[in-house]
Amino acid sequence: MNFIKENSQALIQRMGIVVIKQICDDLFALNVLNGEEVAIICSHRVEQDAARDIVHMILKKGSAACNLFLKSLENWNYPVYQDLTGHSLFHQNLEEDLDVLAQSLKDLYNSPVFKNFFPLGEDIDIIFNLQITFTEPVLWRKDHRHHRVEQMTLGSLLEALKSPCLIEGESGKGKSTLLQKIAMLWASGMCPALNQFKLVFFIRLSSARGGLFETLYDQLVNIPDSISKPTFRALLLKLHKKVLFLLDAYNEFHPQNCPEIEALVKENHRFKNMVIVTTTTECLRHIRHVGALTVEVGDMTEDSARVLIREVLINELAEGLLFQMQESRCLRNLMRTPLFVVITCAIQMGSEEFQAHTQTMLFQTFYDLLIQKNRRRHSGGTSGDFVRSLDYCGDLALEGVFSHKFDFELEDVCSMNEDVLVRTGLLCKYTAQRLRPTYKFFHKSFQEYTAGRRLSSLLKSREPEEVSKGNSYLKKMVSISDITSLYGNLLLYTCGSSTEATRAIMRHLAMVCEHGSLQGLSVTKRPLWRQESIQNLRNTTEQDVLKAINVNSFVECGINLFSESISKSELSQEFEAFFQGKSLYINSENIPDYLFDFFKYLPNCVSALDFVKLDFYGRATVSQDKTGENSSGVHTEGPSTYIPSRAVSLFFNWMQKFKTLEVTLRDISKLNKQDIKYLGKIFSSASNLKLYIKRCAAVAGRLSSVLRTCKNIHSLMVEASPLTTEDEQYITSVTDLQNLSIHDLHTQRLPGGLADSLGNLKNLLKLILDDIRLNEEDAKSLAEGLRNLKKMRLLHLTRLSDMGEGMDYIVKSLSEEPCDLQEMKLVDCCLTANSLKILAQNLHNLVKLSVLDMSENYLEKAGSEALQGLIGRLGVLEQLSALMLPWCWDAYISLPNLLKQLEGTPGLVKLGLKNWRLRDEEIRSFGEFLEMNPLRDLQQLDLAGHGVSSDGWLSFMDVFENLKQLVFFDFGTEEFLPDAALVRKLGQVLSKLTLLQEARLTGWELDDYDISVIKGTFKLVTA
C-alpha cells in the first residue's frame, strides 16, 4: 500500500487510459473492482482523472488489492513498473544486449543463407543471389480511392514511410525480394532512411507460430537470454518507431496461429512500431482499412528484366534470350513479371533447345508451380473435387476468350469453386472500392493459356462428350481475321499443350481457309488505304485486298502453331493441307530459328506454298549462318555483305524448289561479288523468280551480273535505281521475262538502250513504265518495240513528259491491230487530241479492255471533239470495269453522251471525271442517271475539279448514299464554302457508306464543327 501511495503521482501521470482500462478488466475479473467502480473509472475523459480514481479505490481495498494491481501493471506496462520498482529496463547490460541483437540481425541479413533464395520454391534446386539479382522495382502509391497517384522508387518509399505500409501485387511481382532487400539495406548501413531503425525484423508470415517473440526466435536469430519475453515486449514499446517489422505474405498468414502479429498490423497504434506488410491484391481487403500508406508493385521494366537475365545466365545463354526478347513483343510483355523472367531463365538453364517464343512452356511451368505450391491449401474436398475445380477454371477461361471477357463477376464463379481458384492463384479477386468483387486471371495471356490448356484436354479426351465440346469451340472460329487476331494466342497454347490437339486444329484451319470467311475483317479495324498509296490499290477490289492480308497473316499463324507444337514432322500431312496454295513473307534481317525448323521438318509444306517473298535492306551485316552463329544470330568475324549468309543457309541448303520466289533489294548502295554470288544461290531455289529493285544505287553497271544468276526470272521491277546502257540491254535480252516495271528513271536514254530493244521481250505480258525520261524519238522507238509484244495484257505508261507528239505513235502501235490487251493506263503522259482520235478509231481492236485510264491528261486543241469521239465508241468495250477520262476546258458538255454509254456498263467499278468542271446541271443529270442505272459495284468516284454549288451537291446526296461499295471518292475543288445543310447531309450519307476508306474534300472550307460532323472511320483529306 505504501509503495502505491508513494508513487501515486507517477502512476497518475504515466499509466495512460489504455493501460488503465486493461487493469480495470483484470481487477474486475478478480472481483477487486465491481461494475459500478469500473464504470466510474472508465467514464473519465481525462486519463489522469481515471488514474486518480483507480489508485484511490485500490488503496482503500487493502494490501491484497494493491498486490493484484501491481501485478496487472507489470503485465500491461512493464517499463513503468520497472521504473517505479527501481529496476530500470535500459541499464548498461541491456543496452549491450540490444546492440548484440541488432548485430546478429545484420549478420543474418548479410549472410548467404539470407541472400541466397529459391525463386521457384525449395523443391526446385535453383538458387538466386539477392545481392546481384535484385533490380529496382516500379512502385505506385495509391490514394483512398485505390487509384494510382504517384510513381515511387524504393528510396522514395522508405523516405515517405508510414505505418502500417501495405505493399500489394500479384504472384511473381517480387514482393518478398523487395522486403529482403530492405533488410539488407538496413544491415549495410548505406541507406540513410533506414539508419533510424535500431532493429529490423524480416518475418515470413506463412510460418508464423505462437507469439511474436517465439516467431522471431524461430525464424531469425537467438535472442540474448537476458531479454525475456516481457522484457522484449517492453523493449518494443520503449523503442516505438525505431523498430521496423517486414511482414512477408499476409495472404499466406493464419491470424489464429499468431494473434500478436495480427494485432501488430491491425492495432499498430498500440505498438507504435513501424510495419511494412506485403500481400496479394485479393487479400488486401482484409487489411486495407488499417493502412497508412498503400503501394502497388508495378510491372518490371524491360531494362530491369535485361539486367536480371544478364546476372542469372551465362553470357551465351543471356545473349540468346535477350535477342529473342528483342524480336518477340509477346515475350517482352511477359517479362514485365519478375517470376516469368525467373521461369524463362530456369528453363533456359535446363534445356539447350529451349526457345523463348515457345510461350506454352513458360505458362505451363508457372501453372504447375501455382498448383504445386497451393494445392496443400485446398482443404475440405477430395482430389477429384480439386481436379474438377481446375477444369471449371479452364471452362471459365475458354468462355471468356470466346465472349471477349476478361473480367468476371460473382455469378460467373461458382461458389463451390471460388475459394479453390483464388487460393491456388489461378484467379485474382479484386474488392477494393467495389460494391461487388471482380475476378481476373493475373494476365490476359495467362487466361488464354488456361483456356488453351483446357481446349487441348477436351480435343484429346477419350470421352466423346468432351471431344464434342472441344469441337464446338473450333466451329466458332470461321473467320480468318478472327482466328489470327482474337483466337491466335488461344490456338498457340492449345497446340503447345498436345500434338493430338494440334492435329484437330490444323484440320479445322485448313477447312476454314477453303470454306470459311476469307474477309471477315471490318474496314474500320484495318485502314488499308492508309497502308498503301491509293494508286497501288485502285487496281484491286476491297475484298481482294482484305483476302490477301488475311491469308498472309493466316500463314504466319500456321507457322507459329507449328513452332509452338514442337510436333516436327509428325503432323506433316495436316500442315501441308493448311499451307497449300498460300504465301509467306520473310525479312532477311530477322529470320527466326523456327523458320529453319519449318523448312527442315515440313519441306512438303514449303513446296506447297504458291509464293514466298524475301526482302533485303541496305544495311551491311556480317556472316551469320545457322550453325556458326552466336546466340544472337551474329558472327564476330567475316566479310561485310548486304546479303546475310543466314538467308543463304535457309534457301540454298533446302533441297526443294519454291513455286514462286519474290526477292526485293531495297536501299542497297553497294554490292560486292560475294553478294551477287549469294543472290545466285538464293535465286536457284525458285522455279519462278520475281526480282524487285528499289532505290539501289549499287545495281548501276552490276544489274547485268545479277541477272546472269537468274535462270528462272519471269518478273523484274526497277524503281529509282540508275541503269547503264549495258544494264538496259541485258534486261531486253532476258526473253523469258513476262513482267517488266521501270519506275523513276531520270537519266537520258542512250542509243541501244531500253526503248530501242524492248521488242525483244516477245513473252512480255505486263509492262509498266512510270516517270521515265523519254523524248519524242525515244517514244517512236518505244512504239516500234510495242508492236512486237503480241502477248501483252497490261500496259501502264504514266508520268511521261517531254515526248512531244510521241504518244500518237505509241497509241497507233497499240491499237492498229487486234490484240489481247486487258488493261491500259496512259496517265499524265502527253496524250493529245490526235492520240485520242487514233484510239477512238481503233477501239474495236481493243475489245478485251476492262481498264482504260487516261486521267491527268489535258487535251488542248480539238480536245472536246476528240473526247466525244472516244465516248461515242465506248460501247465496243463490253468488259469495261474502270474508266478514267482525260479533260479539256469544256469536257462537261460530253457528260450526256457518256452517261448514255454507261447504261451498257452496269458493272463499272471505277469512274474518273477529274477536272471536267461539272456544274449543278451536270451533277443533277448524273444523279438522275444513277437513280435509273445504279452502279452497284462502284468503288471509286473521282469528280475533282468541279463547279457544283451546295444546292447541286444536296440534290446528289440521296443517290450518292446508295453507292454502298464505295471505297474512295474525290470531290475536291477550289474555294468552296458548303452550306450547313450540305455538311449535315454529307455527314449522314458518309455514315452509311460502311466500306468507305478515304474521302477527299480539298478546297472545301470546313471548320472544326463541319469536320466533327463529317469525319468517321475513314481518312478525311481536306488540304
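Our numbering is plain: 1 for the first residue shown, then up by one each step along the chain.
Positions of Cβ are set from backbone N, Cα and C atoms, glycine also.
Database features (Swiss-Prot):
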DOMAIN    1-88  domain 'CARD'
DOMAIN    163-476  domain 'NACHT'
MOD_RES   Ser533  phosphoserine
REGION    95-298  region 'Nucleotide-binding domain (NBD)'
REGION    356-463  region 'Winged-helix domain (WHD)'
REPEAT    578-598  repeat 'LRR 1'
REPEAT    655-678  repeat 'LRR 2'
REPEAT    734-757  repeat 'LRR 3'
REPEAT    761-784  repeat 'LRR 4'
REPEAT    786-811  repeat 'LRR 5'
REPEAT    823-846  repeat 'LRR 6'
REPEAT    847-869  repeat 'LRR 7'
REPEAT    877-901  repeat 'LRR 8'
REPEAT    910-932  repeat 'LRR 9'
REPEAT    935-962  repeat 'LRR 10'
REPEAT    964-984  repeat 'LRR 11'
REPEAT    998-1020  repeat 'LRR 12'
Sequence-remote partners of the repeat 'LRR 4' (761-784) [C-beta within less than 8 Å, at least six residues beyond its ends]: 717, 732, 734-749, 755, 790-800, 802-807, 809-810, 812-813
Listed stretch, out of 786-811, 823-846, 847-869, 935-962, 998-1020, that has the most CB pairs under 8 angstroms to the repeat 'LRR 8' (877-901): 847-869
Remote residues contacting the repeat 'LRR 10' (935-962) - C-beta distance under 8 A, at least 6 residues beyond either end: 538, 541-542, 855, 881-882, 884, 887, 902, 906-920, 922-924, 926-927, 968-973, 978-979, 981-982, 985-986, 988-989, 992-993, 995, 1000, 1002
Tally of residues which DSSP labels helix, strand or coil - the repeat 'LRR 3' (734-757): 4 helix, 7 strand, 13 coil
Counts by DSSP class (helix H/G/I, strand E/B, coil) across the repeat 'LRR 12' (998-1020): 7 helix, 6 strand, 10 coil
Average pLDDT across the region 'Winged-helix domain (WHD)' (356-463), rounded to a whole number: 79
Cβ contacts under 8 Å made by the repeat 'LRR 3' (734-757) with residues that lie 6+ beyond its boundaries: 690, 707, 710, 712-723, 725, 728, 763-775, 778-779, 781-782, 785
Long-range neighbours of the repeat 'LRR 7' (847-869), counting only residues six or more past its ends (CB under 8 A): 539, 818-834, 836-837, 840, 876-891, 893-894, 897, 910, 912, 914-915, 942
DSSP-assigned states of the repeat 'LRR 1' (578-598) in counts, ordered helix, strand, coil: 8 helix, 5 strand, 8 coil
